[in-house]
Each structure stands twice: as structure tokens, then as C-alpha cells.
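This report refers to the structure that appears directly beneath it.
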Amino acid sequence: MFRQEQPLAEGSFAPMGSLQPDAGNASWNGTEAPGGGARATPYSLQVTLTLVCLAGLLMLLTVFGNVLVIIAVFTSRALKAPQNLFLVSLASADILVATLVIPFSLANEVMGYWYFGKAWCEIYLALDVLFCTSSIVHLCAISLDRYWSITQAIEYNLKRTPRRIKAIIITVWVISAVISFPPLISIEKKGGGGGPQPAEPRCEINDQKWYVISSCIGSFFAPCLIMILVYVRIYQIAKRRTRVPPSRRGPDAVAAPPGGTERRPNGLGPERSAGPGGAEAEPLPTQLNGAPGEPAPAGPRDTDALDLEESSSSDHAERPPGPRRPERGPRGKGKARASQVKPGDSLPRRGPGATGIGTPAAGPGEERVGAAKASRWRGRQNREKRFTFVLAVVIGVFVVCWFPFFFTYTLTAVGCSVPRTLFKFFFWFGYCNSSLNPVIYTIFNHDFRRAFKKILCRGDRKRIV
């Protein structure tokens, strides 16, 4: 891992650690002044300054954006759903990349050799692989969480507590560590013979073929395959539910549950489907505002983990047949009541002859409750579609950023020659992903955008006062 500078075999690179200039490149190797003079740098002064400025900007944006994400999740009521802890952990990994990895990669790149000693070389390389692996395993866990919330509906949402989410996050980090730390245990020492030792130290991760292939599979390709399969399944479920005929989409029709069968409410009122004990089971359901079993606070809109962009009228844009114009005041009250429906509760059914067993006919106030609940369900269904889209964007951007590196790195293990400049570009392009998630949240997520504005403008308001 840490060795003195030697000519590299063709295709030998350092994964997610230091990318060294070509040992045979006359711009720096062999150009050291006789008698131990000053080392020549691999780049001109202008190129070096450009690289330092770009990498510095990348680090600042990564730290700033991801700190905002963490503050927003802990301070915004709309973002306190337990599953948003995944985003906090993911943002923490990106911050650690920007503070503990990128600065040393930059120094190693512009100096042309490893300056920081053997011990930190080993730590640096392990942390680099750890943080990158944890990012993609986090995305894999988020995808599985999303899939379970769709296929298991009420059962999984009741189990989705902060304690359970934290346990999953710990598991994610443990899996990432298991994948990342073997190079510290199995290190191939090279260049340690009795021959003369070149002056330039080199920090390079284990380049044995078995490790390159296994680390690429464990750190990237296997989690990617899981995410793709999960997302294909989510897409199939969503597509099947959108095929429900329009006549079946009213408040008295039930969208097909994940099992593929359809059920009609048994005197439950306008909710879309019936779960155990008469609880509402919505398509693509998600946890709202806090721990399962807690009533959602009454407010202008419902929120979801990573809730998506929506207009102020998203809950009103599509209304099912039935009472269409509940008054603003009663509607707000009815919405709060509807959000507190628990297993075992039931709502009266609208219309003549539609009362459930032992349930009196619905009055005007109860009809407003049913209409508000059905309208809220339609708005939530639309937000679910946008949620699926934004999660696909986050995962897609990660894959686009890191796939070129892992693909070319795998090619080097099987003996293919990859241009060193191209490999360096893919390496740094992967680091750019750490700064992009906050941008994605800002573009597609109303709650994050509102929380960011509140955080950033708070100081301005204080100065004005």
C-alpha cells in the first residue's frame, strides 16, 4: 500500500485513493535535481492553481450543502420523519469525504508524491473506500426502505421507528467497513528488497486482482444491481396501479394492492382501500411527519420523507366524485381528524344506503371529513409519484458519477490499458457526487427548499431587526 516510487505495471492504479502521475513521466520522475535538490511538480503553476481552486470549491460546496441538509432535517418539522435519518447519515459521509479525503488526494495529485507518511496513507485509503462504499449502501438501504413501504404498507410503516432506522444505518456502516478494511489486513509490500530505493514515496492501495474485483463488486456493482432490481419492481407496481380504470379510481374503488388483488371497502367511506381493522392502506404509502402511530399535525399539507415539489393546491387539484366544496374551516378540521385514523377505526359511508353495519348515516360534517380524506389521498398519490422520481434522480446521479471510475478500474485488473489522464478524470468526477445531493433536494424538494431558505435568511432577519 505504501511503498517507494517504482515504475507501474500497465493498468496499475490506486482506487479511490491517490492517483499518481505516471512513474515514467519525465515531467517529474527522474527530474529531481542532483544531490537531492527541489522536486519538480507534475503540473505547471497555472494548472496547479486551477486544480487547487476547483478542488477547493468542490470541498466548500460539499461541506456547506450537506451541513444545510443535516440542519434542515433536525430543525424542520416537515423533515423529521424517521427515514430522513438516512439522508443525515448520507450527508455526513459526504462531509467526511470533503474534509478527510479530498484535501489529501489534491495534495498528492499536485505534488506528485505522498508527503504524509505511511500511517496516514493506510488510514486515508481505508477512509476513502469506506465513505464511497457507505454512500452507495445508503442509497441501497433507502431503495429497500421505499420498496418495503410500498409492498408491506401499514405493517412496515408501523415498524419504521427512529430506533429501527438508526439500527439500519449502523448496519450500513458496518457493511461498508467490512468491504473497505481488507486492504489494511492484506497489504502487498513492493519495492522493499535490497536494491536502491527511489526517493519518491508512493501511497497506493492493494492492487491485487482479487481485491480490485471483489472491492468493485462489493462497493459498487452489487449495490447498484440491488437498486436497479428494486426500482424495476417499484416501477412495475406503480404502472400496474395506474392501469386501474378511471371508473375504479373514485373514493369507493380500491387500487390494486401489491399482491395484485383488489378489495372494496366494507362500509368504510371514501378511503381507497381497507387494511387490517379498517385502516386506510394507500398505494405507495409512506410515513408522515414522525414516528408511526402518531397523528400527523394539522396543517396546510402532508409531508413525506424526501417529500417532493408540489404546489399549494396539490391536495385540491384532483378530487374524486362526491362532495366537492367543503368549507375552508370545516375542511381543515376534517383533515386533521382524517389523519388520525388508526386500525380499528371506521368512517361512515356517503350516500343513501351506504352505511356500514351499525353505522348511522353520514351527516354533513362527516361527509366533509370523507371528502377531505379522499382529496388528501389523491394529493398524496401525486406526491408519491414525484418522490419515486426524485429518488431515481439521486441514485441515477450517483451511478453516473461513479460508474466510469469503477468500470475502468475493473478493466485495469484484467489487464486492459486505460489512459492515465482519463482515469484521473473519472476519479475526480466521482468525488463531485458528494456535492450534488443538496442541489437535487433544493431543485425537487419543496420542504428542503423552504428549510434552506429559513436557515439562510434567519441571520438577515436578525440584522434587520
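Positions of Cβ are set from backbone N, Cα and C atoms, glycine also.
Pulled from Swiss-Prot, these are the features on record:
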type	residues	note
COMPBIAS	313-330	compositional bias 'Basic and acidic residues'
DISULFID	C121-C203	disulfide bond
CARBOHYD	N25	N-linked glycosylation site
CARBOHYD	N29	N-linked glycosylation site
LIPID	C457	S-palmitoyl cysteine
MOD_RES	S346	phosphoserine
MOD_RES	R368	omega-N-methylarginine
SITE	S215	site 'Implicated in catechol agonist binding and receptor activation'
SITE	S219	site 'Implicated in catechol agonist binding and receptor activation'
TOPO_DOM	1-48	topological domain 'Extracellular'
TOPO_DOM	75-85	topological domain 'Cytoplasmic'
TOPO_DOM	112-121	topological domain 'Extracellular'
TOPO_DOM	145-166	topological domain 'Cytoplasmic'
TOPO_DOM	188-209	topological domain 'Extracellular'
TOPO_DOM	233-389	topological domain 'Cytoplasmic'
TOPO_DOM	411-424	topological domain 'Extracellular'
TOPO_DOM	445-465	topological domain 'Cytoplasmic'
TRANSMEM	49-74	transmembrane segment
TRANSMEM	86-111	transmembrane segment
TRANSMEM	122-144	transmembrane segment
TRANSMEM	167-187	transmembrane segment
TRANSMEM	210-232	transmembrane segment
TRANSMEM	390-410	transmembrane segment
TRANSMEM	425-444	transmembrane segment
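On the structure: features taken from Swiss-Prot.
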residue : record                                                                : DSSP class
C121    : disulfide bond                                                        : helix
C203    : disulfide bond                                                        : strand
S215    : site 'Implicated in catechol agonist binding and receptor activation' : helix
R368    : omega-N-methylarginine                                                : helix
C457    : S-palmitoyl cysteine                                                  : helix
Could you measure between R368 (omega-N-methylarginine) and C203 (disulfide bond) for me? Cα positions, answer in whole angstrom.
-> 69
Report, as numbers and ranges, which residues of the same chain sit near the transmembrane segment (49-74): CB under 8 Å and 6 or more residues beyond its ends.
-> 43, 80, 84-85, 87-88, 91-92, 94-95, 97-99, 102-103, 106, 109-110, 428, 431-432, 434-435, 437-439, 441, 448, 451-452, 455-456
Most Cβ pairs under 8 Å with the transmembrane segment (86-111), selected from 122-144, 210-232, 390-410, 425-444 | 122-144
What is the interatomic distance between the Cα atoms of C457 (S-palmitoyl cysteine) and C121 (disulfide bond), given in whole Å?
-> 41
Rounded to the nearest angstrom, how far is the Cα of C121 (disulfide bond) from the Cα of S219 (site 'Implicated in catechol agonist binding and receptor activation')?
-> 20
Sort the residues of the topological domain 'Extracellular' (411-424) into helix, strand and coil with DSSP and give the three counts.
-> 8 helix, 0 strand, 6 coil
Average pLDDT across the topological domain 'Cytoplasmic' (233-389)?
-> 50
Using DSSP, tally how many residues of the topological domain 'Cytoplasmic' (145-166) sit in helix, strand and coil.
-> 19 helix, 0 strand, 3 coil
State the count of C-beta atoms found within 10 angstroms of the C-beta of the residue listed as 'omega-N-methylarginine', not counting that atom itself.
-> 23
Recorded positions considered: C121, C457; fewest surrounding Cβ atoms within 10 Å belongs to C457
